[in-house]
Amino acid sequence: IHLHWYEYPPMNPMMYPLLLIFMLFTGILCLAGNFVTIWVFMNTKSLRTPANLLVVNLAMSDFLMMFTMFPPMMVTCYYHTWTLGPTFCQVYAFLGNLCGCASIWTMVFITFDRYNVIVKGVAGEPLSTKKASLWILTIWVLSTTWCMAPFFGWNHYVPEGNLTGCGTDYLSEDILSRSYLYVYSTWVYFLPLAITIYCYVFIIKAVAAHEKGMRDQAKKMGIKSLRNEEAQKTSAECRLAKIAMTTVALWFIAWTPYLLINWVGMFARSYLSPVYTIWGYVFAKANAVYNPIVYAIS
């Protein structure tokens, strides 16, 4: 445990039952939602498409994250401290990082596939089962390789300040440890966010151009619209814009707190108390709950 955390008194005992209730609620919703997503997609023949393999992979990574992290969190919240030993602390942090990284990059590939279909259209190469499987394999191999690095001295997995979980060491002043967090932030936050925004900007532009083309064609044909009245009220352009805004907003809400905790820990640790460290994984784990809704349903 870093000496920084000894500067603070123990957390209010009421925080632990509140966190336990939140984790219980989140854990049940996440496991149930992602299990149903996996079961429906794997048992419905019409849904077993290459693109939906990515959705299933997202559900699996979110399910595994909560399945491996939910029970230890319940135990540590009950005892008000980490009681599972240093080895499991590292395993716990590794699994959390691995599943989180896999989820993030699966979302990126889902977005890229939508970009390929909508923006490039017939000019784009259609996603095959082989290609989707290769993407999924690449996601897990790279995520595993990246998250194994702290076991070999590039940063470390240590207890969080609230002592209910473990994660990367963002309080170390060692340049090697910090370099890992710089690359980590780029790999799992800035780059995926940039790709997501880029893809959705061009998706919205492409759909807007298509909508304009349909309106122009309707004028040439001397009719008000090629769509019926109900479809006009909720045009594809508006629906897609809402999905894009929701996706980017939820991404930002889910992962920004954890990023800020890491960077504040590196550069302004005096502002970082044990209570604040809770919010990072609270928002990140909530992401695993609404992913099935955002990606499977949309």
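Yeah, the Cβs are placed from backbone N, Cα and C, and that goes for glycine too.
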Consult Swiss-Prot and report which candidate among C30, C147, C166 shares a disulfide bond with C89. C166
One side of the membrane in Swiss-Prot: R48 and K130: yes
Within 10 Å of each Cβ, count the other Cβ atoms, then let me know which of the disulfide-bonded residues C89, C166 comes out lowest. C89
Relative to the transmembrane segment (90-112), which of 132-152, 180-201, 276-297 accounts for the most Cβ pairs at distances under 8 Å? 132-152
As a test: from 16-40, 132-152, 180-201, 243-264, 276-297, pick the stretch that has the greatest number of Cβ pairs under 8 Å with the transmembrane segment (53-75). 16-40
